[in-house]
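Participant: The domain 'V-ATPase proteolipid subunit C-like' annotation in TrEMBL covers B:8-70. The transmembrane segment annotation in TrEMBL covers B:12-36, B:48-73. Taken from TrEMBL, the feature site 'Reversibly protonated during proton transport' applies to B:GLU57.
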Amino acid sequence: MATETHGAEGNSLVFHPMDQFIVKPLFGGEGMGMFTITNATFWMILAIVGVIALMVLGTSRRATIPGRAQSVAELAYGFVYKMVEDVAGKDAVGFFPYIMTLFMFIVFSNFLGLLPMSFTPTSHFAVTVVLAMLVFLTVTIVGFVKNGSKFLGLFWVSSAPLALRPVLAIIEVISYFVRPVSHSIRLAGNVMAGHAVIKVFAGFAAIAVISPVSVLAITAMYGLEVLVSFIQAYVFTILTCVYLKDALHPSH
Amino acid sequence: MEGDLAHIGAGLAAIGSGAAAIGVGNVAGNFLAGALRNPSAAASQTATLFIGIAFAEALGIFSFLVALLLMFAV
Amino acid sequence: MATETHDAAGHVADAAPGMPQLDFSTWANQIFWLVVTLVVIYLVLSRVALPRIAAVLAERQGTITNDIAAAEDLKQKAVEAEEAYNQALADARNEANNIIAATKTDIQKDLDVALAKADAEIAAKTAEGEKAIAAIREGALESVKAVAKDTAKELVTAMGGKADAKTITAAVTARMKG
C-alpha cells in the first residue's frame, strides 16, 4: 500500500511487504482494547458470514437433488467426515463438529484473505497459536481422560530395546510438545509467506522495465496461493485428526 | 551496521527455504515413483503424502520465519 | 505501536517496521474475536448445518435405496412379462403345430380315400380289360385251332391221305399244347 510513496521519497525501492498484516481499529479511534472492532475482527466476521452462507443458507432447501451451494456444502461435509473417520478412527466421529469448525474457519479466512486489500486472520500467530493450542489441549485432555496413565505409553516405545527407551522417550516428549509450535507456525508461515512474496513482486511492478514480468509472477504466485490456502487448511485438519488418533489409540 | 549484519543473516536463513524445497520435492517424487509402480495403492496414501509434505515444509517455514525476524524484528 | 502514527499520512510502519504478527498488543484483541468466531461457527455448524446435511444425506441414501428397490421390482416384472410372452409364443406355436398336424391328417385321409377309390376303379378297369383280352385271346386261340385243323386236313388231303377229323383235332391240340 505504502510502497509507492515510500519509493518516491526514499532512496530507491522500499518494500513494505508486512504492512498488509497490520491490525488496526476499523472505525478510527486511538487505543486498541480487547473488544475493539479491528480489521481482523471484520474479516473473521466475514468468515462467519461465509460459513453461514454456504452451510446454512446453501442447504436451506434440503433438496434431494442438490443445487450448487448444497453440493459444495455436502462435499465439504463428506470430505471432512471421511477424513475424521479414516484417519482418527470411527470413535472420533464425536469430534467431527469441532474439526469441521477448524476446517471451515481456516478455509474461509484463507480464501477471503486472497481478495485484494483484504486481511488474513490466519496469517497471524495470535490466531494460529490459539487454534493449535486448542487442538493440543483437546488431544492431551482426551488422551488422559480416555486412557488414563496408559496415555503416557505414547512416549515409552515398548517395541524398542530397553536401553534405547529413555532416549526415545525424551525425543518423543520433545516432539509431542513441539507439535503445537509447528502446527501453528506452518499455517501462519505459509499464508504469510505467500502474501509477502506477492507484495514483494508488486513492489517490483513499480519499475517499468520489469513490471510485465512482475505482473506475471504475481499471477503465478496467486494461483499457487489458492492451492496453498486449501492445502494448508487440509493439512491442519488432517494433522488434528492424526493427533486425535494418538490420543484415542496411544499404542504405537 | 547492525542492520546490515542482520540482513546478511536473513539471507543465510533463506537458504533453508531451498533446503525445504529439496525435501518436499523428494517426498513428492518418491511418492510418484511408488504410485506409478502400484497405482492401486496410491489413492489411499495421498493423506500420508500431504502429511509428509507438511512436515517437510514446516521446517522451511521455520527458516523463512528466522529470515523475517532478522529482517524486521531485530 | 505502529498504530499510533497511523493517522499521520499513511506512514504506517515508519517508526518501527517490525512484524505486525509479533506486536503483542494486538494479541488479546485477536484472540478474543477468534474465540467468538470459533464459538459462533461451532454453534452454527453443530446445531444447524451438520445435522441438516446429515439428514439430507441420509434421506438421499434412503431415496436411492428405495429407487433401487423399485427398479429391482420393475425388473422382476419385466422378466415375468417376458416369460409370459415366451409362454404365449410357445403356446401359439404348439397350437399352430397341432392345426398343421390335424390338417395334414385330414388331407392324408382324403387323399387315401381318393387313392383307394382310384385304385379300385383302376383295378375294375384292369379286370375288365383283362377279361376282354382273355376273351380276345380265347377267340384267337379258337381261330388258330380252326385254321390249324383246316390247314392240317387240307394238307393231309392233298398228300392223299384220308382226313380223319378226330385224329387231326387230337394232333393239332397236342401240338398246340406242346
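Using the three backbone atoms N, Cα and C, a Cβ is placed for every residue, glycine included.
Curation does not apply to TrEMBL; its annotations are automatic.
How about a rundown of where these features are and what they're close to?
Facilitator: If one looks beyond the transmembrane segment (B:12-36) by at least 6 residues along the same chain, the residues whose Cβ comes under 8 Å of a Cβ in the stretch are 42, 45, 49, 52-53, 56-57, 59-64, 66-67, 70.
Sequence-distant contacts of the transmembrane segment (B:48-73) (same chain, six or more residues past either end, CB-CB distance under 8 Å): 6-7, 9-11, 13-17, 19-21, 23-24, 26-28, 31.
Shown in sequence order, B:ALA20, B:GLY23, B:VAL24 are the residues of the chain, 6+ apart in sequence, with a C-beta less than 8 angstroms from the C-beta of B:GLU57 (site 'Reversibly protonated during proton transport').
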Participant: Using DSSP, how many residues of the domain 'V-ATPase proteolipid subunit C-like' (B:8-70) fall into helix, strand and coil, respectively?
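Facilitator: Each residue of the domain 'V-ATPase proteolipid subunit C-like' (B:8-70) counted once, the result is 62 helix, 0 strand, 1 coil.
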